[in-house]
Amino acid sequence: MHWCMTMRHRFILVLVATELAFVSAVHTQEPAERERDTRSASDQAGVAASSAGAKSSRLLRSEEGARAMVVSSDAKVDSSAEDQDVYIEGGHKTDKTHGGNGGHSVAVDSDGSSNTLARSGMPLPQREDFKGVSSRKLIAHSVEAEEDEEDGEDEAPQDCEYGDWERWSECSNSCGGGSRHRTRSVEQEGENGGNECKDSEKAETEDCNSHACPVDCAISNWQDWSRCLPDCSGQRSRLRTVIQAATHGGEACGETKQEESCDGICTDCEFQDWSAWQECPVTCAGGQQSRRREVEVPATNGGKDCVGNKTESKVCKETACPVDCDLDDWNAWSSCEPYCSGNTTRQRRVKSSPSHGGQACGAEEETKTCTNFCLNCRWHDWSPWTSCSVPCGGGKMHRSRDQTLAMPEGGHANAASLLEEEPVKVFGFELKVNRRCDEVHQEQKGLTLAKAKKQCQEDESCAGLYDPGCDGQKVHVCTVDFHMQPENASCSYTKKEIGGGAVCEGDGFESKDCNTQPCPVDCSYGDWTNWTSCEPFCLGRQTRSREVLAEAANGGQACAKEDLQEENACMNECRDCQWEEWTEWDTCTISCGGGTQQHRRGIQVTMAGGGTNCTGPSSEEQPCNGERCPVDCVLLDWTEWTECAPYCSGEKNRTRTVMLEAVDGGQACGPLLETKECGNFCMDCQVAEWSTWSSCSSSCRGGWSIRSRSEVYYVKARAGAAQPQAPLLSPPSLLAFGYEKKLNFRCSASSLGALAGAPNRAEATCSADAECEALYDEGCHGVLTVCKKGVSFEHEAGSCTYSKKEIGQGSQGQACDGNSSQAVACNTQNCPVDCKNSNFTV
C-alpha cells in the first residue's frame, strides 16, 4: 500500500487486484458496452468503499470523471497473469509486480477515457491504447479526504532491533562473590506501533568469583619484656596474642613468645661531673649562684637509681654596695658682660653624699670665658691676571681676590663654640671668586646684590648668595648645607655671623681687554682621499691626495704643494703559521684512582697572505695518578654569609661542621670558619678635566668661547684602599642610579621613547623603568626624553645625554654636582666697516 498527499486533501485509495479483471476483449467491444462495463466496475468499487465505512466528502462517479485506476503507460498485463495489486498514488496507479519503473502514469475514468495527470502536465493515453489489459476486480477499502493536514505517509509497524552483546566487564571482587555486566546498543527503534525498545533488554548482570577469600593471621604487638629474676641475671621474656587465625590459605601466624638472657642488660645510674659555678648576678649586697650536673648513664632493667640532687646553690658577693654622690642638674649659664668678652658661671646642688666608697661629688660651680663673635672682613691679595681668552682678535683677561671674615686680633680662639649659647643677629657675607653654590641648593631670585643681602639677613634658610658674572645684577639665594663648586667669572657669598665686625669695601673681580690685533688665517686643506690599493699585494705602494680649501691670510701659514699628496710603502705580510712550544702537563684531574692530564700549545705566528696553516692538535691528554685513593675529611656545606656592616665595607663570616674525619692519609679537614671583606657595590661620580676653550663663535661684536668636561662613575673604594682607576663595566643589580652626563651627543633615533620632562622628574622616571638606559636633552635646555634599551650615541653639537648607571643601594653612591660646560664672552670689539662708494655720475 502507498499513500500520496495533495496540497489540501489526502486521497487514500487501497485497491486490491482480485480475481475479476478487465479481459483483453474490452477494447473489441462497442463503446456502449465498454461504458456499461466500466460503470459497473465503478459502481462495485463505490459499494465496496461504502461497506468498509470509509469517510468521504464525495463519491467517485464516472459522471464527474473521477480517477478509478491508474496504470503505467508502458505496463504489459496479459489475461493469463496472476492477480496483481494496483497502488493508487493520488489518482496514479503503479504495478507492484512490474515496479512501474521508468513509465509515465495515466488516469482512466470510469467510462474508459483518459485524462491528464494532475501534476505531471503530460497527456494521458487514449482508450484505444488499453488493448490487452487484464480485467481486475477493484476493491476500494477507503476513500478519505482530510482538510488542512501536513504531507506524510503511513508505514508498516517496525519492532525494536538490538545490536550484538559487548564483552563481559571485569568482576567487581576477586573473591567472596562479585558481579559483572555487559550491554548492547539499539540499532533500530520501534516505530508505527511496533515493539518499542526497553532499558531492561539493553544490559545484563551475573554473579562471579563466589569462592571464599583467604584470611591472613592477625596478631597483636609484642608486650613489654618481663622483669629479670633474679635482678640483672637469669632470663626475661615477652608475649604476643593471636587475634585471628589464618584461613583459606592466608598468611600464617609467627611465634608468640620470645626469651633472652639478662646478662649485660642492667645498668646503674651515674651522674656527670658538676659544672662550674655560675657568675654571681650581683656585685654587692648578696646574691645566689648555682651549678648543676646531668645524668650521664640512666638506670635500666633494675639497675640502681642515682642518689643526690642535680643542682646546688650558694650565697655570693655579701659586702654592702657603695653609694655615689647624687647632684642636681646644672642651672643655666649666666649672661656675659661685656658682650664680646667676659665670664659666665653656672651652679648645681648636692642631693645626697657618697657612702661605702661611692664616687665623690664633683665641682658645684663652673666659670668660663664667653667672648662672642665679632668678625672683621679682610681682603686677600689679588690673583695674577689670567691668560688672554684668545691669542688674537680681542679677548679678556681677569684677576680676582677673596674675602675672609676673621676675629679681630686678641679675640678668643674658642669664640665659635659659643654661637649656640649667645646667638648673634648681625651677619656678614664672605666673598669667594670663581665659585658658585651647587644647583640643588639654589633658589632663582634674580635680585640685586644689595636686596639679596638684606633678604638673606632675615631668612634663616638662606646660607649664602650666588652672583653669576660677578656683576651684582641677578643674584640667587643659596640654601642651608650648600656646597661650593668652581665656576669661572662667578662670585659666591657665604653668610656668617659677625656681631659688630666691619665689612669689606671694593670689588673682588676685575677684567681688561687683551690681544686686540687681527688673527692670522692659515692655509686650509680638504680631507684626504682614501688610500689607493696596493699592487702587488705583498709589496707595492699606495697614495692619497687632498685639495686647498682656502689660501692663507693675515700672515698665516701658506699652502705647500708637497702637502697635497702622500705616498706610502704598503708591503703586506705573507707568512706561515707556527706553533708555540707545548706547555707543561696540567695537574691531574684527580689525585688518585686514575685521572687524566693535558698540555696545550697555541699559535705563535698566525698565517698571513698566502702562507701555510698550522697542522696537528692544539692539545694532548694522558692518564695519571692510578694509585688507590685515601678517604678525605667530609664537611657539611658552609652556612650562609652573615650580613655586612657598614654596607660599603666591613667583614662577613660563615661556618661549617665536620661530618667525617680523614682516614688512611686522606686530606685533613680545612678551616671551619671563614671571614672576608665584603665591600658592596657603591659608585661615585667624578668629573674629567676641562677641555680647552673652543674658538670664539664670532670674530667681532661679541661671541662665545666654550669648554666642557665629561662625567664618569667609578666604583667606590673601601676605607683605606686606593681609588680605582677604571669604571665597573657590569655592576650587580642594585637599587640606586646616577646619570653620567656627556656633552655634544644624542641618543640614536631608533631608541627614543616618551618625553620625560624636567631633569629630576626624568631621572626618577628612568630609574623606575628597566627598559630605560639613558636620557637625551636636545640643545641642553632641561627637557629630557627617554632612551630605551639598545641605545647608541651619536654626535650632535649643543645637546646632552645622561647614561643611566647603578651606584649602589640608597645614597651610598655619590652623583656628580656642577655644570659640565662653561661659556665666556669673546671678540667683543666692533667689526670693521669698509668704505662704500656710490656709482659715478654721468
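Including glycine, each Cβ sits where the backbone N, Cα and C put it.
The region 'Disordered' annotation in TrEMBL falls on one of the ranges 28-60, 325-357, 490-522, 787-819, namely 28-60.
Same-chain neighbours of the region 'Disordered' (173-201): 154-167, 207-214, counting only residues six or more beyond its ends whose CB sits under 8 Å from a CB of the stretch. Taking DSSP states H, G and I as helix and E and B as strand, the region 'Disordered' (173-201) has 3 helix, 10 strand, 16 coil. DSSP assignment over the domain 'Spondin-like TSP1' (269-321) gives 0 helix, 18 strand, 35 coil.
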